[in-house]
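Per TrEMBL, these features apply:
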| type | residues | note |
| --- | --- | --- |
| COMPBIAS | 518-527 | compositional bias 'Low complexity' |
| COMPBIAS | 533-542 | compositional bias 'Basic and acidic residues' |
| COMPBIAS | 562-573 | compositional bias 'Basic and acidic residues' |
| DOMAIN | 5-182 | domain 'SMP-LTD' |
| DOMAIN | 173-300 | domain 'C2' |
| DOMAIN | 318-459 | domain 'C2' |
| DOMAIN | 626-747 | domain 'C2' |
| REGION | 482-577 | region 'Disordered' |
């Protein structure tokens with residue numbers, strides 16, 4: 001498992017291996033006693049269905065890793081993501097009308113989310129367990145006896161995709177299975193929670209896309225790009241822009257977001273061709289970052305391709321029950337969302353002719369075959385329509401009181417004038433078993449904009465009802481937290497804010513994440529000296545911060561241990577300032593803080609310190625002497641899928657000669673030492689305290705970055721024939737040991 005926050009659970013896999021034979025015995029009994037009678041009742045041709053062999057095999061499912069969420073979520077719940085892998089050797093055979101059909105082996109991969117909520121103060125401590133797949137799981141089935149399957153009457157060809165759709169209709173978001181663990185537990189709100197929000201995606205334009213069209217295999221032509229946008233199982237396609245590598249779309253798409261963290265926005269670009277469309281790059285955007293930032297407007301670099309950037313504007317719309325937010329949008333965009341919880345229906349008529357025109361019904365009923373068909377209970381499904389969007393429920397077979405238990409969402413443009421149209425149909429016959437129309441303005445009369453009741457069906461029997469819960473929620477674009485640094489603002493357009501120092505030293509300006517911790521004594525000093533130094537340093541920090549630089553960071557220095565923290569409570573004014581202790585050669589303190597929102601590219605950052613090592617340099621006295629310090633800010637930008645390294649500056653460099661130093665900084669992401677992947681700053685002339693404030697990005701996945709080491713050297717730019725020492729100092733940072741999502745800034 002490469003992800004640092006995903007834990008291996010070998011102990012759980014050992015329990016599964018031990019319990020698998022017993023699970024197989026239980027399933028064998030279930031297949032024989034429960035499933036077999038149900039299959040026989042489905043169809044007259046299936047009355048002879050018999051399971052001849054049920055063996056679940058020796059190989060049991062594996063859980064490759066578990067990710068637990070506790071901080072980002074409600075305190076009364078625990079969320080677990082299980083990476084499930086099942087390559088099974090199960091064998092199941094059944095006979096139908098002398099034909100043999102079977103399964104020999106199943107493969108299943110997917111991420112199963114398990115939500116334990118609500119947490120209770122009495123046994124069993126957990127109210128219910130909710131299960132669902134975040135995306136459609138990958139499924140492969142090895143069929144046995146499939147060649148005879150087409151000859152079996154009453155059965156269509158069973159395919160993997162049909163079974164995948166069956167799973168999706170029950171177990172893939174927004175569908176979920178909820179099992180109550182406590183008696184009398186109301187699980188309706190757990191099965192159908194109100195979505196977290198809506199993401200509005202403005203697909204604006206792209207630039208420098210790769211050329212995919214060729215003429216006679218030689219001359220490169222211009223491509224015809226289009227975009228496919230996806231959140232969960234919902235997918236939209238943009239229009240195609242002909243012969244343009246810098247296309248402009250200016251299209252808007254809206255997605256309902258059911259789970260955060262968990263769901264991401266995926267964007268794939270393709271070149272439209274008559275035969276097969278060529279892939280032009282993709283983008284994966286974390287919706288957690290968008291939810292926290294509220295609005296992100298940026299050029300994103302495309303991955304899995306050689307060039308290209310995509311310009312997106314993303315807006316997070318919170319769902320509120322505030323009727324004042326329901327005014328119509330001038331651009332024709334949605335202003336609200338309607339959530340329909342379709343529960344059940346009662347007393348549906350056996351056929352719709354009984355309650356419509358008598359003559360029409362009489363002609364049809366004369367046909368004996370039709371009469372037989374009408375005697376059975378209806379197999380009904382529901383069509384729900386708002387505006388020009390229609391959604392279909394699953395089918396409940398042979399029941400006049402069907403229970404669907406499904407949730408649907410619709411975007412609403414005008415709650416005052418639009419209506420929800422419901423039509424119940426029988427899968428075997430035309431015409432409706434009942435209809436209903438609900439004006440959304442009725443919902444506005446309720447303070448919570450909610451209706452939970454039975455609705456009388458029209459064009460049906462007098463005692464036919466449908467039970468639904470309707471919830472209307474308005475969209476609201478909230479202001480982001482002013483203390484939070486935006487994760488998705490483009491740094492190329494906006495660098496760090498410079499704070500003017502009042503001191504008269506060589507440095508003209510510093511960037512915000514710069515606590516004065518160079519004067520902190522080494523670990524060997526006593527705590528009293530340390531304490532006085534802390535007070536002095538934090539006072540200096542307050543003096544050097546210019547109030548004009550938009551919300552200035554609260555700079556606090558962490559103590560060596562808890563006792564010093566207790567002695568200095570005034571240094572920890574807010575929970576926004578996280579602290580941690582890190583062991584460094586001569587630096588006992590590492591301090592973290594929030595940056596001002598104007599430090600654009602780096603996301604919410606802490607701040608602290610690195611010392612240049614002299615271990616690999618020849619020194620006159622042969623001892624470990626500090627060669628100065630370098631200030632770096634390092635963070636993984638998940639929204640851009642890149643490691644961001646900001647070289648702020650150096651101080652107290654040691655000159656190799658009396659002629660002065662022209663320092664620059666060189667960066668490698670080891671083990672890659674290629675010249676092409678080397679990054680370097682500009683050269684600063686004749687200074688021992690250079691200020692760079694230059695940003696570099698390495699476009700790698702987080703799991704790949706976690707395996708790498710950052711190699712940073714400060715070098716002296718000197719003439720080719722000079723005998724002076726070139727390397728002034730070096731730092732190596734093992735990235736596997738750092739929390740890169742949170743980031744760090746250190747001297």
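Glycine residues also receive a Cβ, built from the backbone N, Cα and C atoms like all the rest.
Note on the domain 'C2' (318-459): DSSP counts are 26 helix, 60 strand, 56 coil. For the domain 'C2' (626-747), the number of residues in each DSSP class (helix H, G, I; strand E, B; coil) is 10 helix, 57 strand, 55 coil.
When pLDDT values are averaged over the domain 'SMP-LTD' (5-182), the model yields 82.
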